[in-house]
Amino acid sequence: IPNKPVTIEEIEVAPPEADEVRIKIVATSVCHTDLYHLFEGMHKDGFPVVLGHEAAGIVESVGSGVTEFQPGDKVIPLFLAQCRDCRFCKSPKTNQCEKAWVEHRADAMSPLRSRLTCKGKKVYQFSGISTFSEYTVVKQINVTKIDPAAPLDKVCLLGCGICTGYGAAVNTAKVEEGSTCAVFGLGAIGLAAVMGCKNAGAKRIIAVDINPDKFEKAKVFGATDFVNPKDHDKPISQVLFEMTNGGVDYSLECVGNVGVMRSALESTIPAWGVSVIVGWTTLHDFSAPPGDLIAGRTWKGTMFGGFKSKDGVPEMVNAYMNKKLMVDEFITDNMTFDQINDAIEMMKHGKCIRTVLTFTE
């Protein structure tokens, strides 16, 4: 129910039909997008709903026509599909999938069809996957198989936040070696963006947040400078302009606030700056004067960090297993699933980066 604490209910999870997979969720984490739907978007057509979209689990059963998965496989469910057959999937220009577009309702943040019911009534599947549940049923184009040795209570974070922020820097912005970057918002996505900038070879990474408690954490991921807009009486874009001799090469907006999106754009160097919108909102329109772009800036968006989901997530799991990617450092708390409302409150008040919830047997 919108704007209320979530309740734990017994639900019915239907057996998988053709091209579907039923997954036993082992670990799931709370992402700000779950809170956005619950407390901000609150679209009337998106409830009742089982939230959750950042998780890892084990295949319990498969429907007819499923050849890619079998019971026992370790998997990560994907809110962004990859069918590998449509013109989008076949193009290197995008990570979108046409088959996903047919069903998804952007405002309601769930497809109309659901495999979950509670007391005989349909309950929507958030992002088509609903991971705040011991079991869920998803289409096989929304699942990817991962290294069987991967710890599920860690790699569950690769189902959304880390890939989104990291990929925004390396895939979408295409941060170059020796460049200067600014990351706005230091939640999990922003910290992952900082890590992406560092791994791409940026020489200076300016972390921007109104919560100074986040700055120590940002240092762990590679931030070199910290700016709290509240410490200045002039616009943050002006502060960054002066710090960098005319603007940063790349900026990443990881908040989902249209005012911050414009500030991030205007913090980049007018001749070649690239600003990426990573944060999600449907509540307001962004705007900027044409002069902000005419001299040569680029303003672009990213979903899931530009990763083609089925291909990208296992690669990121492998990078973690090979110690080339930080994941554990994002996890500030581990709880059991019955503490989900505590986890939501902590996220709401900025008291955690990621809380991982596990189901007790």
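Using N, Cα and C of the backbone, Cβ positions are placed for all residues, glycine too.
Annotated features in TrEMBL:
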DOMAIN    18-146  domain 'Alcohol dehydrogenase-like N-terminal'
DOMAIN    188-310  domain 'Alcohol dehydrogenase-like C-terminal'
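Confidence across the domain 'Alcohol dehydrogenase-like C-terminal' (188-310), taken as the mean pLDDT and rounded to a whole number, stands at 96. For the domain 'Alcohol dehydrogenase-like C-terminal' (188-310), the DSSP-based tally of helix, strand and coil residues reads 49 helix, 22 strand, 52 coil. Shown for the domain 'Alcohol dehydrogenase-like N-terminal' (18-146): DSSP residue counts in helix, strand and coil, namely 25 helix, 44 strand, 60 coil.
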